[in-house]
Amino acid sequence: MSEEKPKIVFVLGGPGAGKGTQCAKIVDRFGFVHLSAGDLLREERAREGSEVGALIEDYIRNGKIVPVEVTCSLLEAAMNKSDKNKFLIDGFPRNQDNLDGWNRQMSEKVDFQFVLFFNCSEDVCVDRCLNRGKSGSGRSDDNMESLKKRIQTYNNDSLPIIKHFEELGKVKQIDASPSSDEVFSKVEEVFVQSGF
């Protein structure tokens with residue numbers, strides 16, 4: 001990381017809202033680094049000799065949120081490895097514990113910009129995840145049983161976080177139901193207006 005504090009955008013939305021798809025487009029267009037909390041956790045879980053791999057597996061399989069210290073440490077390590085200074089943090093913070101942990105561990109080290117919130121109906125999200133599972137996403141949680149747990153967790157834990165940031169005037173909300181290109185044209189407006 002350079003001397004300047006890294007600029008951070010949190011990317012939130014329900015399972016299947018299109019966070020990963022849109023992040024890839026933002027990376028191409030605006031030169032951000034995409035850090036997916038879920039991908040970092042999955043990589044760490046699969047890494048040979050990982051001290052926290054089994055713990056992560058247990059949490060993910062049960063649709064629960066991994067302890068925040070683990071996630072923050074993985075995010076910080078990924079930022080330190082990068083030569084860039086603009087990061088999309090996808091799928092984090094997911095609950096109050098995540099937010100508190102981030103504030104303890106990271107808030108002084110970064111320049112938080114805003115939350116990019118992909119708002120999408122539950123039906124659309126479920127269809128997208130099930131289709132992603134059918135087309136061989138390789139994700140152990142793209143099935144109806146895990147999805148029900150993930151959506152419940154999202155509604156109970158993540159929506160209050162989005163409301164918290166809304167009260168601070170820090171949420172840019174995007175309707176994530178249309179096609180990915182239509183959604184991205186709105187995303188583009190947000191980033192250009194924010195000076196990127």
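Note that Cβ sites are derived from N, Cα and C of the backbone, with glycine treated the same way.
Under the heading ATP binding site, TrEMBL lists GLY16, ALA17, GLY18, LYS19, GLY20, THR21, ARG132, PRO178. For LYS19 (ATP binding site), applying a Cβ distance below 8 Å and a minimum sequence separation of six or more within one chain yields VAL11, LEU12, GLY13, SER36, ASP90, GLY91, PHE118.
Annotated ribonucleoside 5'-phosphate binding site per TrEMBL: ARG42, LYS64, ILE65, VAL66, GLY91, PHE92, PRO93, ARG94, ARG139, ARG150, in sequence order. Spatially close to PRO93 (ribonucleoside 5'-phosphate binding site) yet at least six residues away along the chain are PHE10, VAL68, LEU99, GLY101, TRP102, ILE161, judged by Cβ distances under 8 angstroms.
ASN98 (CMP binding site): 23 other CB atoms within 10 A of its CB, across all protein chains. The CMP binding site annotation in TrEMBL covers ASN98.
Long-range contacts of the region 'NMPbind' (36-66) within the same chain, counting only residues at least 6 positions beyond its ends with a Cβ under 8 Å from a Cβ of the stretch, are 19-20, 23, 74-75, 78, 89-92, 94-95, 97-98, 140-141, 146, 149-150, 153, 157. What TrEMBL lists as region 'NMPbind' is 36-66.
For the pair GLY20 (ATP binding site) and ARG42 (ribonucleoside 5'-phosphate binding site), the C-alpha distance works out to 15 angstrom. The shortest Cα-Cα distance between ALA17 (ATP binding site) and any of the binding-site residues ARG42, ILE65, ASN98, ARG139 is the one to ARG139.
Taking ASN98 (CMP binding site) as the reference point, the binding-site residues whose C-alpha atoms are within 10 Å of its C-alpha, out of GLY18, THR21, ILE65, are ILE65.
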